[in-house]
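Heads up: the structure comes next, in structure tokens.
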């Protein structure tokens, strides 16, 4: 019970602080000259560097596991993911110049839309009908939120240091690009996990961010790019900004470690419930702390978005329970087509990817039952879907 409280509390504290600092860094003016921090590549570099270091510490100290043996193919795949990731974040930060933070947070819940589209376009994956219904609900909710926006979003607390931002179509366009690139990141991560069974979510966190750090550092040291020098001068002149950025990067990295631990020990349903409520609390904090105003229709649109997310979680859990029930009745179903549409051979035997995301106790019992069935049918239960789900949830 203590582990559960620590995990959930860690996710809430880290990510709510992270979101507050993100809005502060991108919206607050610093110093008597009221300058804003506009160096998005530097901000992304600091975040990637923190995530890479903490990911490494998590693997070596918490898990006490060795790092991956890197090959040229693995480096190539990690850099491929890093390119998409490095390009995605600046568009999100730029969008905050044109839309307020509640709009940004709500729009980011649409991540499953580009993920679905990118998987469909790039890797020809198929999805059940309810997925498209969920996408329609979320898209309609975000569209209604923008359609029924208030004429302004002035801070209620006077907010002399907060930039007042109008929601705009251009801002949403930037968010759309950010989400499309995020979709490419997630679908490529999915493909990496299919290709290489030794890569875990923690490896992906560490190595992807290491590659992103290298790419952005190379971009910033370009002598024709003044951003690094300008950012260093800004942070030297405004040390408060450096503190805010450090807290932002640290909380985001620690939050992902809590995400991995929660998923591994308490299952994806618990984690998804925590992350969904966390996003709603993020909107509430932004509305009340920074004085953004939402009308009744916008609250209804927000409810529609989260209803779509809850429907998605419910349908996934029902599908898992039905699969386990079918498996208990007919173990030969293990040889049927897997969730990813592929089967793999392990030591000459056919393997079915099956993962339980129930509570810790039920997960152990379910794994034992699956292993007994696997022995009878000469199959080996794989954990690939759990690894893929781990990064998918963490990225959300």
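Even glycines carry a Cβ here, placed using N, Cα and C.
According to TrEMBL, the protein has these features:
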type: COMPBIAS; residues: 333-346; note: compositional bias 'Basic and acidic residues'
type: REGION; residues: 333-360; note: region 'Disordered'
type: TRANSMEM; residues: 37-58; note: transmembrane segment
type: TRANSMEM; residues: 78-96; note: transmembrane segment
type: TRANSMEM; residues: 129-148; note: transmembrane segment
type: TRANSMEM; residues: 160-181; note: transmembrane segment
type: TRANSMEM; residues: 201-221; note: transmembrane segment
type: TRANSMEM; residues: 242-264; note: transmembrane segment
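Among the stretches 78-96, 129-148, 201-221, 242-264, the one making the largest number of Cβ pairs under 8 Å with the transmembrane segment (37-58) is 201-221. Within its own chain, the transmembrane segment (201-221) has Cβ neighbours under 8 Å at 41-42, 44-45, 48-49, 51-52, 55-56, 58-59, 63, 67-68, 70, 74-75, 78-79, 81-83, 85-86, 189, 192, 227-228, 256, 260, 387, 390-391, 394, counting only residues six or more beyond its boundaries.
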